[in-house]
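Chemist: So TrEMBL lists these for the protein:
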- 81-181: domain 'BTB' (DOMAIN)
- 213-233: transmembrane segment (TRANSMEM)
- 258-279: transmembrane segment (TRANSMEM)
- 364-385: transmembrane segment (TRANSMEM)
- 426-446: transmembrane segment (TRANSMEM)
Amino acid sequence: RRETRLPQLVIAVHPSDTSRSVQPHPGRKKDVCGYVQASPPCRMTVATGDPSDEAAAHPGHPLDYDPEDLFEKHCLEEKDEKVVINISGLMFETQLSTLSKFPETLLGDPMKRIQYFDPMKNEYFFDRNRPSFDGILYYYQSGGRIRRPANVPLDVFANEIVFYELGHEAMEQFREDEGFIKEPEVLLPTNELKRQFWLLFEYPESSSAAKSVALVSVLVIVISIFIFCLETLPEFREDSDFPSGFIQKTNGSQDDPFFIVETICIIWFCFELGVRFVVCPSKSDFFNNIMNIIDIVSIIPYFVTLGTELATTPDEDLNAGQTMSLAILRIIRLVRVFRIFKLSRHSKGLQILGQTLKASMRELGLLIFFLFIGVILFSSAIYFAEVDEPQTHFVSIPDGFWWAVVTMTTVGYGDMCPITMGGKMVGTLCAIAGVLTIALPVPVIVSNFNYFYHRETEQEEKQVMDAAAEAAQKMSAANKCGSTLSLNKSNGTWQNEKNGVH
């Protein structure tokens, strides 16, 4: 009896080949792309004596693929596959290559988006705002340009940017496109104690204690301005303004109630300025701040006045030296009126006005230049029109400057007016030219004021945007451990369901 051994044919079948009814090895797991890992390949043995079967096992036959090469080929083709994204029932289709442009985002990272994958429908489901996703998908398609749909509110779209983890740069681009000016970075002291004092005196909105300090500061400023005005009444100004009482005020100034109240106010101003200077994060920026300069200038007159009075002796000449000192003293004391600008530190309205004037300096310069030209032209014209009139008020061209300014600004005091017919015609043209001159730059100034006013009144919406930007920045720098754990858990549950394990 003779036995004939048939040749054995070993065929390697890739688990993802759906044309074969070969089940993958139970120990194998699926990768992120959804494919079964290629190693170890499953093998089947075929006994055959047919030469065609032997030829099918020869190298080069379509069945003779390296499993790892086949797996890499599928992964490359996967990037061109379409992805279905379901946004609360609204279907979107795109390519994986489009989403892969931004691998740090939620849709671009396979490990992050896998937790939203529905294997039964072969789609990604997100229970989010549907109109907003047009702008989110455009971000991937355009290569990084963010555009908000017109029918989506600002805060809603900002929350969507945070959810899809587009990053801090996308949020900043969105804020800039929507007209939100990037605020300069707030510089704070590194020392914790100095930081607390700096917030206490510089930022009234930071805490209740800071609001109390700001309230006290406003109260002291108002009292100081009230005393400055009250001491000019005739019954109070005799000792301070007339040379004959200058020595009397020097001798009894310590008992003067105005001096006492003024001293108390100056003590508070000096204390506030000194604390803010000590705890400020940058000394150079402190002196470059116009508000700090106003604070310094507002307290200088007190010390100059006090030093002048203490230096004056009863034996000093009352006719020459005292008169000159009193004139200088009055000018210095006038600087105290600048204390009213200290209120702008605590008044949003004054800050808006200051920002408007600063932004409109070019238009204000043009207005002054046009008025200057008009004043020269019409003061000259009114002089030559009234030169033959004996009772005229315009005896020279400089005398007509005041009339031209009052007429062009449409104030019209009436203290100077033309008499002749030619002078009245010049006055009519002057009034018309003044209206036209003022009307040209005023709309620009009003537009600047509206801009700063609306920007200031939209603080609530701005706070939402700032919170969203901060959340986006934190999420872009967060650890991916949570996403990895969710991925492993989802894959494990999915694999058990596929294998029939409950």
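Even glycines carry a Cβ here, placed using N, Cα and C.
Predicted automatically and left uncurated, TrEMBL annotations should be read as such.
Computed from a predicted structure; not experimentally measured.
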Chemist: Sort out the residues at least 6 away from either end of the transmembrane segment (213-233), same chain, that have Cβ-Cβ distances under 8 Å to it, and list them.
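Modeler: Apart from its flanks, the transmembrane segment (213-233) reaches 200-201, 204, 240, 258, 261-262, 265, 268-269, 272, 336-337, 339-340, 342-343, 345-346.
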Chemist: Looking only at residues six or more beyond either end of the transmembrane segment (258-279), which have a C-beta under 8 A from one in the stretch?
Modeler: 189, 194-195, 197-198, 201-202, 216-217, 220, 223-224, 227, 230-231, 236, 286, 292, 295-296, 298-299, 302
Chemist: Mind tallying the domain 'BTB' (81-181) by DSSP state, helix then strand then coil?
Modeler: 41 helix, 18 strand, 42 coil
